[in-house]
Structures are given as structure tokens and as C-alpha cells.
Amino acid sequence: MFSKSVTLAQYDPDLAAAIAQEDRRQQDHVELIASENYVSCAVMEAQGSQLTNKYAEGYPAKRYYGGCEYVDIVEQLAIDRVKELFGAAYANVQPHSGSQANQAVYASVLKPGDTILGMSLAHGGHLTHGASVNISGKLYNAVTYGLDENEVLDYAEVERLALEHKPKMIVAGASAYALQIDWAKFREIADKVGAYLFVDMAHYAGLVAGGEYPNPVPFCDFVTTTTHKTLRGPRGGVILCRDNTHEKALNSSIFPSLQGGPLMHVIAAKAVAFKEALQPEFKQYAKQVKINAAVMAEELVKRGLRIVSGRTESHVFLVDLQPMKITGKAAEAALGKAHITVNKNAIPNDPEKPFVTSGIRIGSAAMTTRGFNETDARVLSNLVADVLANPEDEANLAKVRGQVTALCDKYPVYGN
């Protein structure tokens, strides 16, 4: 029998100490990694619940195990809420990650060797959109499109490649593209060649939910998203469709093809996050995310930095560091010393290796969750610029670190 009175700190002080240190880091550092965010205490409570004890292979009312009457309620809540959130007719909330959701979409209608057309990883796409190092680039014949000379998504190239290669599926969505994507244009191109249209909106889902980014669901055969990032939920994935045409194929692609039992505690946490995203205040959050990102990009331009694509229309943008003679790896390290967390990121036509890069990626989702407004975003962008101007000056880094501490103390991640 387990005792509820025994704490983690009592049972495993080493692990508890590491968690406490990470908690302190999150409080003391400004998080600007575009794929990260903070979840609510309610989300964490659901994910840490007794639901982790329950195996539930199958789907609500169609399980391979007994005792699933209550987890059925949990999963159905998540399904109903995410369908309402994005206007979808079909939803599968069981994918353990966005990558597995994407794999399931491919497996539902494609055969090995079929051609897919996706955004190049080097131009802002994602590994799972056909990159050669990913299973999607090994199982399928992946053709890639990219950005034009103005660093805008090249729809003419997408159409040209689609007409030339006749892909069975066109993949839209990105992990490092700042501008809005024209889903209707992608639908038009897909229809010209009889291709399925699949959108991975993992980075933009929270903005879509908040009405600050176009909703791809009405235009697509398949839509996937992660449930963290801008959506502010637990780490996991979701598949959505505008109708139920592919319901059977998608469900079987997840279970039993790619996964076994669903993570019911995570699905419960997803349900909480979906409820939060349905509230009016989430729309204000999404609006502020876009405002903060735009302000930061504009302020960095004023400080002489170059923003890929020239601006942002979302939560994310890339900074080209080549004019400053500093790599993304070095910039990430210097900013980290100042308690500003970013990730190094390749820019279009990057001459550096992927583990070095010539750029950094900046996102505003997590800082906005803390309560940062446009005034704070302006201050923060100047602190970033200060570090990049003198990345090896320890006195400069210490000065910036002190200013970051003041900002973080003003906006605690979790209040009382």
C-alpha cells in the first residue's frame, strides 16, 4: 500500500532536488524558445492524477480492457472540446506526440514509396515533413519546397513541383516560419493534382484557437497539432479532420498500428488545456502573443539585427546573425548566461552545420503566459540585442542578467 503522506522529497531527494532546480530555472530565466510554454496548475494536476494507473487500449465505448467507464468520460471530454475549439468533425486525442500524429496521417492513406511534397527543413519546415533523417523521408519519396528570394513561402514553386511530381499528399505547416500560411492556396494546388492536403499546425494552434491565425481545418483533409507550444497544454498530439471520411483509417493508424495503450493522464491534461483555450481570456492571450512577437522583431531591427522574412505575423521569428559574425550556437550560450533562453536555428541557405547554425529562433508564447506586455517585450528585445552586441563581455552579461531577474521577479510563472 502506498502512503499519500510520503512526499517525493522524502522518498527521492535527488530527483526532487533536480525538479526544484528546474522550477527555479523556469522562474529566473525568460523563456523565448518558440516551442515551449508553461501549463496551468490544473493541467499539471490532471497529468499527475491516478489516471496514469489505467490501461485503456481502444477508444471510448470500444475498449479491450475492463474498468474504462471513467476514462471513457475523460477521453470524450477531450475529443468534444478540441472539436469545438477548431471546428472539426473528427478528432483523435491519443497521439503521444505531434510526430506520431503525423506518422499516423501518412500511414492512413499512403504506401511506402508514395510521393509527398513538404516544406524543406532548411527553410523552416519540420523533420516529419519529409526530411531525409526522419522516417517520413525514408518511407516516402519526399520532394521539398521552400522560400523565395524575399524569404516568403514560394507558392509558385509549390505549384510547379506539385504539377511536376504529382504527389499523393502535400504537407503544409512549419517549425520556423514567421508569416501566415495561405491554406486556401495550398488547397487550390492540391486539387489541381488530386493530392491530399495535410497541415501540421503545431506551432500555430494556440493562435488559431484564439482567432489570431487562419484555421486550416476547413481547407484540409488532415490537420495535426501538438498540444503544448502556443496551445499551452501537456506534451502530446492530436489529429483533426473537417469530416469523418478517414475516421476508421486514422483510428487504426494510431491503435493498434503505431501505439498501444493511450496515456489517459495526459489525455486528461489535454482536456483541461482545451477547456482553457475555449475561454474568452485565451483570445486575449493569443492576441498579446502576436503583439509581443511583432514588437520584439521591430525593436531588434531598430538595433541593427536582420529578421528572416523581414517581420513576423505569428508568435515566432528567426534572427540572422551572420552580419554580427556570431553563430547561433554562440548566441544561444551567451543569452543563456544572461538568463534568456533561446534555441540556435538554421536560417534559409545557412552555411553552418545544424548544430552550429547562423541564426536563433525567438518565440513569445511563454513570456506572454507570464504576463509580459508590449512594453516588457520592447525592454526584453533590447536586452537580447545588448547580449548579441557583446556576447563575450562578462560584465555586460551580468548587467543584462540583473535586468532579466527584475523582469522575472515582476512576473512569476506561478503566483500564490
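Even glycines carry a Cβ here, placed using N, Cα and C.
Look at Swiss-Prot and you will find L121, G125, H126, L127 tagged as (6S)-5,6,7,8-tetrahydrofolate binding site, backed by sequence analysis. Note on L121 ((6S)-5,6,7,8-tetrahydrofolate binding site): other Cβ atoms within 10 Å of its Cβ, all shown chains, come to 24.
Residues near H228 (site 'Plays an important role in substrate specificity') in space but far in sequence (CB under 8 A, at least 6 apart, same chain), listed by position: S35, E36, N37, V39, P234, R235, G236. In the three-state DSSP scheme, H228 (site 'Plays an important role in substrate specificity') falls into the coil class. As annotated by Swiss-Prot, site 'Plays an important role in substrate specificity' applies to H228.
Taken from Swiss-Prot, the feature N6-(pyridoxal phosphate)lysine applies to K229.
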Taking just the CA atoms, what is the gap between L127 ((6S)-5,6,7,8-tetrahydrofolate binding site) and K229 (N6-(pyridoxal phosphate)lysine) in Å?
17
DSSP says L121 ((6S)-5,6,7,8-tetrahydrofolate binding site), in three-state terms, is helix
By a simple count, how many Cβ atoms lie within 10 Å of the Cβ of K229 (N6-(pyridoxal phosphate)lysine), its own Cβ left out?
28
For L127 ((6S)-5,6,7,8-tetrahydrofolate binding site), what is the secondary structure by DSSP, using just helix, strand and coil?
helix
List the residues in the vicinity of the (6S)-5,6,7,8-tetrahydrofolate site, defined as same-chain residues other than L121, G125, H126, L127 with C-beta within 8 angstroms of the site's C-beta centre.
G118, M119, S120, G124, T128, H129, G130, A131, N134, A174, S175
